[in-house]
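J.: Encoded as structure tokens, here's the structure I'll be asking about.
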Amino acid sequence: MSEIGTRVYTECDADLSLIQNVLVAVIGYGSQGHAQALNLRDSGVNVVIGLKENSASRKSAQDSGFEVLLPQEAAKKAQLIALLVPDPAQRDVYESAIKHNLSEGDALLFSHGFNIRYGYITPPDGVDVLMVAPKGPGHMVRREYLDNRGTPAVFAIEKDASGRCFDLALSYAKGIGALRAGAIQTTFTEETETDLFGEQAVLCGGLEQLIQYGYETLVEAGYQPEVAYFEVLHELKLIIDLIVEGGLSKSRWSISDTAEYGSYVSGPRVIDKHVKENMKKILGEIRSGEFANRFIKDQDSGANEFTQLREIAARHPIEEVGARLRALFSWSK
């Protein structure tokens with residue numbers, strides 16, 4: 001259990017002027033970078049973008065009206081640096097562009113704790129280290145902000161050198177619209193470990209494998225691939241929407257009695273206790289740093305394993321069937 005508790009912080013808990021009174025350098029203009037930069041600017045925050053000279057995102061940021069500098073120039077100019085490039089790239093960007101341009105009293109912000117948790121980045125003393133992590137992809141963060149809503153977030157303080165890091169984190173969260181929905185305090189360790197576990201065991205790895213096995217089981221038994229696709233993949237969104245809206249209980253309330261009964265008697269046989277034991281092993285690899293080491297080692301050597309695994313996944317028959325069906329039906333257009 002977390003020692004922090006489960007208080008939800010909202011807009012009334014934050015002073016927006018704190019982030020409005022500093023210059024923010026957003027390093028990176030990808031999914032989170034573009035969304036957070038645009039939301040901050042629309043909240044009255046002064047923002048510059050830090051991108052390499054040959055970055056494919058440079059024109060997009062300039063077209064959005066931002067001043068675009070080299071990462072080292074942006075870091076030197078700003079008082080808060082939001083490092084929002086992908087995890088594997090953060091070490092090099094930090095070492096080459098940020099590390100020597102941090103001044104005492106500056107703040108370094110992340111939206112995922114990976115590099116701090118596993119020690120790939122160690123900021124100097126005298127610098128605030130904080131995290132604001134929206135619980136949704138960048139396009140959702142931007143869309144919800146424009147619709148006068150917000151994407152929930154978690155935030156964390158790793159190093160409070162200034163004595164105001166907590167308030168600064170809430171101010172930043174308010175600036176990107178997260179406090180409209182609410183934010184929960186966590187730690188870099190908790191955010192990193194639970195985020196990686198959720199991705200690997202449930203949301204991405206576990207779910208994708210479950211879908212593929214379900215599809216293969218039906219097709220191997222002689223059913224049409226198109227029908228199998230509908231039953232194990234397409235209808236998933238309908239169930240997920242219900243779960244997000246009202247938890248597992250709303251999903252059970254909304255489905256037929258046949259489906260509900262079947263879920264009780266068959267679900268635990270598909271996802272049995274061995275699955276939970278495997279989940280515990282995966283969590284152990286995350287907590288020990290074994291996964292991080294494997295991932296970074298592969299990235300540093302050219303991402304050969306990652307590329308091979310991606311190619312294998314792309315060749316699964318469900319991909320071709322899905323692409324063909326989505327091209328035929330109006331719901332995908």
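The backbone N, Cα and C atoms fix where each Cβ goes, glycine too.
Sharing the feature lines straight out of Swiss-Prot:
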DOMAIN    6-186  domain 'KARI N-terminal Rossmann'
BINDING   Y29, G30, S31, Q32, K52, S55, S57, D87, P88, A89, Q90, G138  NADP(+) binding site
ACT_SITE  H112  active site
DOMAIN    187-332  domain 'KARI C-terminal knotted'
BINDING   D195, E199  Mg(2+) 1 binding site
BINDING   D195, E231, E235  Mg(2+) 2 binding site
BINDING   S256  substrate binding site
J.: Across the domain 'KARI N-terminal Rossmann' (6-186), what does the pLDDT come to on average, as a whole number?
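T.: Averaged over the domain 'KARI N-terminal Rossmann' (6-186), the predicted model reaches a pLDDT of 98.
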J.: Taking only same-chain residues 6+ apart in sequence, whose CB is under 8 Å from that of D195 (Mg(2+) 1 binding site), what do you get?
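T.: Within the chain, D195 (Mg(2+) 1 binding site) has Cβ neighbours under 8 Å at H112, G113, A133.
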J.: When the number of other CB atoms within 10 A of each residue's CB is tallied over all shown chains, which of the binding-site residues E231, E235 has the maximum?
T.: E231
J.: Give the maximum pairwise CA distance in Å, whole number, for the residues Y29, G30, S31, Q32, K52, S55, S57, D87, P88, A89, Q90, G138 listed as binding NADP(+).
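T.: Largest pairwise Cα separation, rounded: 21 Å.
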J.: Taking only the binding-site residues S31, S57, E231, which one has a CA atom nearest to the CA atom of E199 (Mg(2+) 1 binding site)?
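T.: Comparing Cα positions, the candidate nearest E199 (Mg(2+) 1 binding site) turns out to be S31.
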J.: Specify the count of other C-beta atoms within 10 Å of the C-beta of Q90 (NADP(+) binding site).
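T.: There are 22 of them.
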J.: For the recorded positions K52, H112, work out the Cβ neighbour count at 10 Å and name the residue with the minimum.
T.: K52
J.: I'd like to confirm something. Which of the binding-site residues, S31, K52, Q90, has a Cα closest to the Cα of E235 (Mg(2+) 2 binding site)?
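T.: Given the candidates S31, K52, Q90, the nearest one is S31.
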J.: When secondary structure is assigned with DSSP, how many helix, strand and coil residues does the domain 'KARI C-terminal knotted' (187-332) contain?
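T.: Reading the DSSP string over the domain 'KARI C-terminal knotted' (187-332) gives 128 helix, 0 strand, 18 coil.
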J.: Can you tell me the CA-to-CA distance separating the residue listed as 'substrate binding site' and Q90 (NADP(+) binding site), as a whole number of Å?
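T.: Approximately 48 Å lies between the Cα of the residue listed as 'substrate binding site' and that of Q90 (NADP(+) binding site).
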J.: Roughly how many angstrom lie between the C-alpha atoms of Y29 (NADP(+) binding site) and E231 (Mg(2+) 2 binding site)?
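T.: Just about 37 Å between their Cα atoms.
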